[in-house]
Amino acid sequence: MNTQPNKLKLSLYNTLTRQKEIFEPAEPDRVTMYVCGPTVYNRSHIGNARPAVVFDVLARLLRRLYRHVVYARNITDIEDKIIAAAKEAGVDISVITEKYARIYREDMGALGVLAPDIEPKATESIAEMISMMERLIASGNAYAAEGHVLFNVPSFAEYGRLSGRDRDDMIAGARVEVAPYKKDPADFVLWKPSTPEQPGWDSPWGRGRPGWHIECSAMIEKHLGETIDIHGGGIDLQFPHHENELAQSSCAHGHTPLARFWLHNGFVNMGSEKMSKSLGNVLLVHELLAQAPGEAVRLALLNAHYRQPLDWSDEGLAQAKRMLDRLYGALRALSDVKAEPTNDAAPDAFMEALADDLNTPKALAVLFDLAKRANTETDPGTKAQLKAALIGAGRLLGVLEMDPEAWFAGAGAASHIDGEEVERLIAARNAARKAKDFAEADRIRGALAEMGVAIEDGPQGTSWRVAS
């Protein structure tokens, strides 16, 4: 019934080649993946959450297909915005970075995002950054000037290949300041001097701190090697960040590629507008978690294909919540059978959808087909298979990991509904029915409906859920 992992071909859209390609790791049965993580100076917004959720699903799928997966997602803990936030608060930058790194982990955990295998901090790899810069200077791909180290863009003929931009677009798009010490307007900073009150490290070019782009190149080299299988991140990082990473690493490693596959998720938009602080339409993850279960926020992010822009809305989040109600309702309908989901429990059609460039909308359609069958199936053996398939498929998406009753009574219940009060009213209704006071039983059912609660009477008692 189910596809064997070693027979399933994973196809991924490679930004570098502008096409879908069959993915095979460089080393058989071992995959290396790096995803750009947060710059920790503020709370995470829904745009930060999208790559975390998307690449969490990819990591789950890779672990299903390959024996050994090494997934690294970094923490950028030295950057001008962090320095500014620390100065404004009158504290050391470590106070800011540790606080917001912790909040980021908590928020992502609430969305069901598993911790990466490696979570390197930029400040832990300063020595590796300096070593890489020294190599780039020695090869003529970088130069020192007035306490800065800059990458010599004209020295790398392939610069612009990842983003597909021409030279003028790249300079304008990066908003590169044409400082007098630059040999070329497109050259970008690898190292910059620090003032006495700014954080800094000693280097051959004086006390200073790294530029953003060199950080990821050095962390990848340190933890995963010169060439990795997959490099991921948001489409906003494609240029200049990823373009610069590619250039630095390629030149530092004798023109070997930094990554064999480059994957980028699309923007999160607020209606027809791009989400941005200047427009005042940024949605913070912790605010969304006060409105809906983390699992619903996660499903709303997976409801669109990862490469497409995602138009975020309250209705989209409410729809994701209703979808989970249906799926958990199907699991509740299967509560009378036991099933132990195995690694191959997810059905072929579901696995094929995920293996087709992580097509989560198509995979969800398969999940809902299973749920529809679960609600009408009567054969115990088939019901057990359906239950295993639902849980096994849900596990790959990072959903359906709760007990259905816990979902409807707790996480899945609307925040305004008092679960204890619902249970008290159901007990009173049951007592009224037992006493044959059907008018009172109907009155209580109506009161529950007004609260937004639907009840279902079954052979094992009365269950309830939030009404759709």
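Along the chain as shown, the residues are counted starting at 1.
Cβ coordinates come from backbone N, Cα and C, glycine included.
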Which of Cys216, Cys251 shares the Zn(2+) site with Cys36, His241, Glu245 in Swiss-Prot? The record says Cys216
Candidate ranges 24-28, 199-203, 269-273, 274-278; Swiss-Prot annotation motif ''KMSKS' region' resolves to 274-278
Between the ranges 38-48, 115-125, 225-235, Swiss-Prot assigns motif ''HIGH' region' to 38-48
Cβ atoms other than its own within 10 Å of the Cβ of Lys277 (ATP binding site), all chains, total 9
Checked against DSSP, the composition of the motif ''KMSKS' region' (274-278) is 2 helix, 1 strand, 2 coil
For the binding-site residues Cys36, Cys216, the largest set of other C-beta atoms within 10 Å encircles the C-beta of Cys216
Using a 10 Å radius on the Cβ of His241 (Zn(2+) binding site), the other Cβ atoms enclosed count 18
Integer Å value for the Cα distance linking Cys216 (Zn(2+) binding site) with Lys277 (ATP binding site) is 25
The number of other Cβ atoms within 10 Å of the Cβ of Glu245 (Zn(2+) binding site), counted over all protein chains shown, is 27
Note on Zn(2+): the CB centroid of Cys36, Cys216, His241, Glu245 has further same-chain residues inside 8 Å, namely Trp212, His213, Glu215, Ser217, His231, Gly233, Leu237, His242, Asn244
For Lys277 (ATP binding site) and His241 (Zn(2+) binding site), the CA-to-CA distance in whole Å is 20
